[in-house]
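Student: Let me give you the structure first, and then I'll get to my questions.
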Amino acid sequence: MSTLTPGRPYAPGRQGFSSLRAGGLNWDAFPLRLFTKGNAKFWNPTDLDFSRDAEDWEGLNSEQQRNSTYLVAQFIAGEEAVTEDIQPFMKAMAAEGRFGDEMYLTQFCFEEAKHTQVFRLWMDAVGLTRDLHPFVAENPYYRQLFYEELPGSLKVLETDPSPVNQVRASVTYNHVIEGSLALTGYYAWQKVCTTRGILPGMQELVRRIGDDERRHMAWGTFTCRRHVAADDSNWGVVQERMAELMPLALGMIDWVNKQFEVQPYGLDDQEFIAYAADRAQRRLGAIESARGRPVEEIDLDYSPEALEEKFGEEDAKAMSEAAG
């Protein structure tokens, strides 16, 4: 019979428990602040009513429905992809001994799964039940981003969770996929629905998702900031990865636009490109501001959260104006 010796590590090598250490968990640390905030803002996809959306969908013309299907297919496939691909980041945080980040990323992953659920419920409600793979798989830029770059940049963390790889993964996942693509797409779609007074269920689900995603963005900015503060060369990694991926993001949007001779909703693409560029530059500015800062200060610096809250206020104001 084996004898258990207190204090000796056992497979798989756990040394102890963060929750049992003297002083417990630091609830003021940035990741746990986001975790607490997310718990307070819980919402249930099955509580949303999509009955009016089904009626409004039937009132759209065929090109508007086709354009909307491109958007929704990209949204839901993206939410499914990020649900799967965030998981190696949890292991990276475990390897770094950052249990607070692990806690937040479990909530983060759950929320991405919930976003997949709510889009699928909406699609079922309006009758989008056929195979929609062509709406994403035929877009070469979408394929490169979501089939290759996103999973590839996250999967490497399973074997090499170095700061450089964490920064590359965060820029890919948070700043390009979530920030430049998803949140900009949600803003554009929300503006279409609000201006036309249609699809109230979609408007509500996008509002809920956007609130979650801004917390995700805050964590991504925070993660890049702490690595930039620790090693200034990581700022170059941020810039390099953004430069690699932004042409793909713009190409993905342009490819969809070229599937239509006339824009079905009459959107001004330049407005949303400017929106995405403005948000990207302000987030990059938040990361750059960590250069030369003591690393220990970053955990208690809530400026990434404040920035995302500011973005939320700006979006709400824009939607109020769009509604008239």
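Just so you know, glycine gets a Cβ as well, placed from its N, Cα and C.
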Student: Same Mn(2+) site as Glu112, His115 according to Swiss-Prot: which of Glu79, Glu80, Glu84, Glu138?
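Tutor: Record check against Swiss-Prot: Mn(2+) site with Glu112, His115, extra candidate from Glu79, Glu80, Glu84, Glu138 is Glu79.
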Student: Quick check on the annotation: Swiss-Prot has Glu112, Glu213, His216 binding Fe cation, so which of Glu148, Glu178, Glu244 does it put in that site too?
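Tutor: According to Swiss-Prot, the candidate sharing the Fe cation site with Glu112, Glu213, His216 is Glu178.
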Student: For the region 'Disordered' entry in Swiss-Prot, name the matching range from 157-177, 304-324.
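Tutor: So the range that Swiss-Prot calls region 'Disordered' is 304-324.
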Student: Spatially, which candidate from the binding-site residues Glu79, Glu112, His115 is nearest to His216 (Fe cation binding site), comparing Cα atoms?
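Tutor: That would be Glu112, nearest by Cα distance.
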Student: Going along the chain, which residues at least six beyond the ends of the region 'Disordered' (304-324) come within the CB cut-off of under 8 Å?
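Tutor: That would be 30, 33-34, 37, 187, 190-191, 194-195, 197, 210-211, 214-215, 217-219, 221-222, 225, 279, 282-283, 286.
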Student: I need the neighbours of the Mn(2+) site defined by Glu79, Glu112, His115. Which other residues of that chain put their C-beta within 8 angstroms of the C-beta centroid, in sequence order?
Tutor: Gly78, Glu80, Val82, Thr83, Glu111, Ala113, Lys114, Thr116, Phe119, Ile209
Student: Within 10 Å of the Cβ of Glu178 (Fe cation binding site), how many other Cβ atoms are there?
Tutor: 21
Student: Report, in whole Å, the straight Cα-to-Cα distance of His115 (Mn(2+) binding site) from Glu178 (Fe cation binding site).
Tutor: 13
Student: Just jot down the residues in the same chain as Glu213 (Fe cation binding site), at least 6 apart in sequence, with C-beta under 8 A of its C-beta; none if empty.
Tutor: Glu178, Ala182, Leu183, Tyr186
Student: Using Cβ-Cβ distances, find the residues under 8 Å from His115 (Mn(2+) binding site) that belong to the same chain and are at least 6 apart in sequence, listing them in sequence order.
Tutor: Glu79, Ile209, Asp212
